[in-house]
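A.B. asks: Residues annotated as transmembrane segment in TrEMBL: 6-26, 141-159, 225-243, 263-286, 307-327, 379-402, 446-468, 480-499.
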Amino acid sequence: MLIQRFAKLFFGCLAAVTSGMMYAVYLSTYHERKFWFSSRQELEREITFQGDSAIYYSFYKELLKAPSFERGVYELTHNNKTVSLKTINAVQQMTLYPELIASVLYQASGSEEVIEPVYFYIGIVFGLQGIYVTALFVTSWVMSGTWLAGMLTVAWFIINRTDTTRIDYSIPSRENWALPYFACQVAALTGYLKKSLNCSAEKFCYLLVSASTYTFMMMWEYSHYLLFVQAVSLFLLDSFALAQTEKVYEVYKIYLFSLFLGYLLQFENSALLVSPLLSLVAALMLSKCLQMNTKKGTFISRLLKIMHIYLVLTITVTLNFLLKVFVPHKENEHLLKFIEVKLGLNTTKNFTMNWLLCQESLQAPSQDFFLRLTQSSLLPFYILVLIICLFSVTQVIFRRICGEPLKETVKLEDGRIGERPEIVYHVIHTILLGCLAMCLEGMKYLWTPYVCMLAAFGVCSPELWMTLFKWLRLKAVHPILLALILSMAVPTIIGFSLWKEFFPRIMTELSELQEFYDPDTVELMTWIKRQAPVAAVFAGSPQLMGVIKLCTGWMVSSLPLYNDDDLIKRNENIYQIYSKRSAEDIYKILTSYKANFLIIEDSICNEVGPVRGCRVKDLLDIANGHVVCEEGDSYAYSKYGRFCHEIKMNYSPYVNYFTRVYWNRSYFVYRINTVISFQS
């Protein structure tokens, strides 16, 4: 038995680590085929980082160029070379802890002579994605007892990569750094919640939960919202008396410690103090004290037990309201306003808010999303597993209400999968994440990986099949034998069908040479580096400004960030170059930010969007009140023409304020005149 267990553990760990490494190699190979990184010049490589990704990587470059790490950190925390007329703490505002860690590792490991900085950077991210997959593998393995479930989890994750990760679109994004740590935390929490766990394994899981929770919170500014969803899952698990209360409250203490430490090390981040996570955990701790200070069996004790959920929710809402009143904060106001408009509780003409609402990731998921999950057989099996687990959990809750205690150890022949606390936790967690994913398509990247994990666990778990057979009351075949057979046969059949259908597609994807080349942007960046003065400030769309900052190092007037009121206001003002405003108005806006050059993008000026009303120029017309509605149709009207069109005509008064100095098929660059010449 000992040799058998050791062999099972050894081969399972080997399969988990191999799966993670193979996935990291797969991502690296796909990235090389897509961008031809090895055959590109540095400028062409950097152009592949778009929007906020370009900003993150630019600060990583600055850290490596600094004479010392301490000096580099100081320059980032007192940065006045990125945005004109503004000094920012980039580490706090952009959560640059991943870049700090990457730069330290690059310099401390002596990699300067071995590998280029860009390869080291993306290599760390791909390595973290490998850890992500390994953590999902281990979670499914711990729940089902067989590493076959882990293999199936990895297979579904890779096949549905379009819906499980954003690594293809934005390598440096914060979630790509943070979610692997959250997956490790979930894997450790799964083991920690198990009933039959020895002391040393429990301590290991507890320490891993603590370390991964804090690291996750430091890597992503919105991590506390995801931890709040997890805390709600644990709260419901404890409220139904389906887990050991002591273990659940130990996890709450980990949340408090992580919030406190994160607040201190994130430059006293007030967003953590007003987070719903802190309010919920404080309310849970307080409600526990109220229950502990009342004698068991008394009327007050019984009343508190019945009103426990209501009490916690009331304290949470009240405490969160009081914290927001007394703690100065601005970080998440834009998020609350967005939620109000998204839920239809408010309307707005604000450009930024409407622009965010038009983003695909903030729309409800499309039918194609569900079709893709169905074609890979993931969604049907997930729904089957979820229904069986939900019915089993409902039975257990009903038994608890009737006074029947939980069994210390659940055996296979019992067919009570709903009595395992780690299973109930994952069921609640995926339901909550699923509700969010049904509202916002961007949330699918949080939900789908755990759909893969839960579905793989279910089809590989003899307990789940036994639970189903207990309900069906099979007599012709021994249910335990049939459950063991199906837990091996069903995943094997699924695996072979996935291999046959999707493996050729994956190999074709890796062997197909794609090409990402943007000659117009390369020419623009080359011109800026050769012709523009070093002290010049550029104005244009925030996405382009991020690329300019990375590729040239020149100062810009705005950034593609939406967590700062001043930057949001800057973006709205500078986007007016695509509105129907006068040349004088645009000139005053640009000179107020000390801009020297203006860049007009033809793709925005002549944008033909799939949804009318979601183009940048449409949203600007709405915000500026330039839209007139007649007989159900809306028309843009202003006494001025659209600035980005009119400036290309080279006639007065536009030539009085702006002088064209460079252009190609995609970009038009204008120098903003310091001395206005009123020529006819």
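The backbone N, Cα and C atoms fix where each Cβ goes, and this holds for glycine too.
TrEMBL does not curate its annotations; it predicts them automatically.
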A.B. asks: If we skip the immediate neighbours and take only residues 6+ beyond the ends of the transmembrane segment (379-402), which ones have a Cβ under 8 Å from one of its Cβ atoms?
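C.D. replies: Here the qualifying positions are 240-242, 370, 373, 416-419, 423-424, 427, 430-431, 451, 454-455, 457-459, 464, 467-468, 471, 494.
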A.B. asks: Hey, which bits of the same chain come close to the transmembrane segment (6-26), Cβ under 8 Å, at least six residues off its ends?
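C.D. replies: Beyond its ends, the transmembrane segment (6-26) has Cβ neighbours at 126-127, 129-134, 137-138, 141, 147, 150-151, 154, 157-158, 506, 510.
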A.B. asks: Using a Cβ cut-off of under 8 Å, list the residues of the same chain at least 6 residues beyond the transmembrane segment (446-468) that approach it.
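C.D. replies: Apart from its flanks, the transmembrane segment (446-468) reaches 132, 136, 139-140, 143-146, 148-150, 152-153, 156-157, 160, 163-165, 179, 183, 186, 226, 373, 378-379, 381-382, 384-386, 388-389, 392, 410, 412-418, 420, 426-427, 429-430, 433-434, 436-437, 479-480, 482-484, 486-487, 490-491, 494.
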A.B. asks: Give residue numbers and ranges for long-range contacts of the transmembrane segment (307-327): same chain, 6 or more residues beyond its ends, CB-CB under 8 A.
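C.D. replies: Same-chain residues near the transmembrane segment (307-327) but 6 or more away: 235, 239, 270, 273-274, 276, 278-280, 282-284, 286-287, 290-291.
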A.B. asks: Give me the stretch from 141-159, 225-243, 263-286 with the greatest number of Cβ pairs under 8 Å to the transmembrane segment (480-499).
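C.D. replies: Ranked by Cβ pairs under 8 Å, first place goes to 141-159.
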